[in-house]
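Listed in Swiss-Prot:
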{"type": "TRANSMEM", "residues": "9-29", "note": "transmembrane segment"}
{"type": "TRANSMEM", "residues": "81-101", "note": "transmembrane segment"}
{"type": "TRANSMEM", "residues": "113-133", "note": "transmembrane segment"}
{"type": "TRANSMEM", "residues": "158-178", "note": "transmembrane segment"}
{"type": "TRANSMEM", "residues": "184-204", "note": "transmembrane segment"}
{"type": "TRANSMEM", "residues": "221-240", "note": "transmembrane segment"}
{"type": "TRANSMEM", "residues": "245-264", "note": "transmembrane segment"}
{"type": "TRANSMEM", "residues": "273-293", "note": "transmembrane segment"}
{"type": "TRANSMEM", "residues": "316-336", "note": "transmembrane segment"}
Amino acid sequence: MTDQLITLIWIIIKIVLILVPLLVAVAFITLAERKVIGYMQSRVGPNRVGFRGLAQPIADIFKLLLKEVIIPTASSRYLYLIAPILSLVPALAAWAVIPFAQGWVLANVNAGLLFLFAMTSLGVYGILVAGWASNSKYAFFGALRSAAQVVSYEIPMGFALVGVLLAAGTMNLQGIVLRQSGGLWHWFWLPLLPLFVTYWITAVAETNRAPFDVAEGESEIVAGFHVEYAGVTFALFFLAEYANMVLVSAIATVIFLGGWLSPFQGIPGLESLFAWVPGIVWFVLKLSLFIFTYFWMRATFPRYRYDQIMRLCWKVLIPVTLVWIIILALAIEFHWTHWL
């Protein structure tokens, strides 16, 4: 009984050590986004609260917490309140299988890749419930758009993950990272380049971020599925969006960029020079690269029309992933490449 209690306490400690830095990072990612996009557009960005605006996320948190939670009279009260939680929980639960470094993982399961795919697919239920429970036509239209978009883009994302499974021969995420040992040119981004590009496009679409943010298109449907939300409930949706951004960036880091592995492996001189750098530092740096790409895409690309988004998925991404999976399977079977 004592051993079980100690194990339970240790698991709770590890969960806290994962979630607290994640939630703090999400808060400051919002500041980083506003600053980066501000510089891209020749603006200053937030600079009033704290030194150079560094306390802005804290002010935003207090602002959202102190706002009144208004529940529309005609809404389905309980579903309305549950919807933000349904969006946030899968984005946090998926971190259970993400390896930050060798042995640094909460649950080292052999079906980690499948678990991640399942968790990233569940968030849409919160959006659907929010659109339905709000009893608003704008919220409902936004929820329907989001559901169709996410379900469609899950197909090429699933095919991209199948390609990773073929290349690695395992669904264990630590095993996938170790399969990429050897340096920058041994990471899966190179032999699986079309699948890497496809995964990233689908990841942006799955998180409803620009330029795929038609689910909350301000110019068409006000604010989409969360138009009726305010205060803490809106904050949960906001948190879920950015938590999903960090999650899909972490997945891309693990399955395509070698996770915690150093990019200087196998390079004489540089490998020993950077041998002191902990694996988690490389992991965070690679993850930050993907987060910056989110900022860049939001600042650069205009919002696509809904029909353009669907056409890109069904007529471009799905055929590309199918063809590349076939080529990949043949390359592995007949040993056409030294990468796999």
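We number each residue from 1, going along the chain as drawn.
A Cβ is built for glycine as well, from the same backbone N, Cα and C atoms used for every other residue.
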Q. Who are the long-range neighbours of the transmembrane segment (245-264) in its own chain, taking Cβ under 8 Å and residues 6 or more past its ends?
A. 22, 25-26, 29, 91, 94-95, 98-102, 104, 113, 116, 119-120, 161, 164, 168, 173, 176-177, 180-181, 183-184, 186-189, 192, 196, 199-200, 203, 206-207, 209, 270-271, 273-275, 277, 279-280, 282-283, 286-287, 290-291, 294
Q: Can you tell me which of 9-29, 221-240, 273-293, 316-336 gets the most C-beta pairs within less than 8 Å of the transmembrane segment (184-204)?
A: 316-336
Q.
Could you check whether the transmembrane segment (316-336) and the transmembrane segment (158-178) come into contact, where contact means at least 3 Cβ pairs under 8 Å with the two residues of each pair 6 or more apart in sequence?
A. yes
Q: Quickly jot the same-chain residues contacting the transmembrane segment (158-178) by Cβ under 8 Å, restricted to those at least six beyond its ends, or write none.
A: 97-99, 102-103, 105, 108-114, 116-117, 188, 191-192, 195-196, 198-199, 202, 254-256, 258-261, 318, 321-322, 324-325, 328-329, 332, 339-340
**Q.** Contacting positions for the transmembrane segment (113-133) when only residues 6+ beyond its ends and CB under 8 Å are counted
**A.** 75-76, 79-80, 82-88, 90-91, 93-94, 96-98, 139-144, 146-147, 150-151, 154, 157-158, 161, 164-165, 171-173, 176, 206, 208, 215, 225-226, 229, 237, 240, 244, 247-248, 251, 255
